Amino acid sequence: MTLFFSLFTKGASDGLRFMFQCTMQDLSNLTVWRSSVEQAIVSLGLGMGPVITLGSMLKFHTPCDRDSFFIVILVGIVTILSGTIVFCTAGILAAERNQDIRTVLYLNETYTKDIHVHVVFSQLFTRISPPWSSIISFLFFFTLFIAGWYPLITYLQSAILICYSYIPCLAEYKYFTELGFCLLCFISGLVLVTPGGYYSIIFFDELLVTTTIILVVICELCAMIYVNGLYDFSDDIAFMIGFEPNFYIKLVWIFSPWALLGLFFMFINETNLKDMVLYEKIAGLAGLFIVFTPVALVAFYNIYICYKEGDISKVFTRKEVTFESDNVNPTGKSVPWFRKMENVAGPSHVS
């Protein structure tokens, strides 16, 4: 409904033209590509614990490979629709103010951030005749509430499960543990309603959420493909979904961390630290510390356990793969993502 009203308002066509008619200057801007990568990673939930937690609840040989392709397509469609509304609104505001669209978009750079897209939408709702404006505003913000509530519960479940894994005694007091987590999240969120809440949102949005997640995704890909090994990782995937990933998927796994790493260093190279204010530098260091501290703790904890058991070589030893059933693909060839082998037990690791 929002898209329908925005398309038939004066100035929307100029916004659409600006959205789809990019120049070489736009394509050569690293900020554009970095924002695209951030949008893809955050929208798909890459590198985030809840996705792994929910995936671990699936049954073996569930065709989750097809689900992943469909999710990427759906997220792409939703992103285009949301971007269409934003640029239509920018064209409408530019027509009302007699300004250039670039001036409207970059008059306040925070408008281009994902967290401020909702402000752009609300400006569009005020231009719709009542009672439709009130109805659409209610539906829009109710959708935001529902969309934010589900990830919040999932993140909370992931954090509690991690605590139960490392501190089993907390499971005996699970009601108090869950209540304590909720109170901690509530108290932490109170800072957002203070006069400095706006800067806190920018802090989390620009530095803790986007930049650090890109680094986490790079580290995860490198660990899976180059430390654990491509063949071992492919065997693990085959054990879970019933067939080995095809050549295209493996190619993406190999080159994607290098592409992300190159883009990240190119952006860092163009970033002028002298122009950054003190809170931005502190936020960057705090974000790196917050993200990599638990990763380092998990890694050192597992190495310590292996060392304590007297066999630290397990950490770096390649595992042999055997099949639990004779009903397997004798050729060892990959199966396309849209096909699924039936009645396959899959490979299992044995030391």
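Cβ atoms are placed via backbone N, Cα and C, with glycine included.
TrEMBL entries are annotated by machine, without manual review.
Look at TrEMBL and you will find SER43 tagged as Na(+) binding site. The transmembrane segment annotation in TrEMBL covers 40-58, 70-95, 135-167, 179-201, 207-227, 247-267, 282-304.
All protein chains included, the residue listed as 'Na(+) binding site' registers 17 other Cβ atoms within 10 Å of its own Cβ. Same-chain neighbours of the transmembrane segment (247-267): 30-31, 33-34, 37, 214-215, 217-218, 221-222, 224-226, 230, 233-234, 334, 337, counting only residues six or more beyond its ends whose CB sits under 8 Å from a CB of the stretch.
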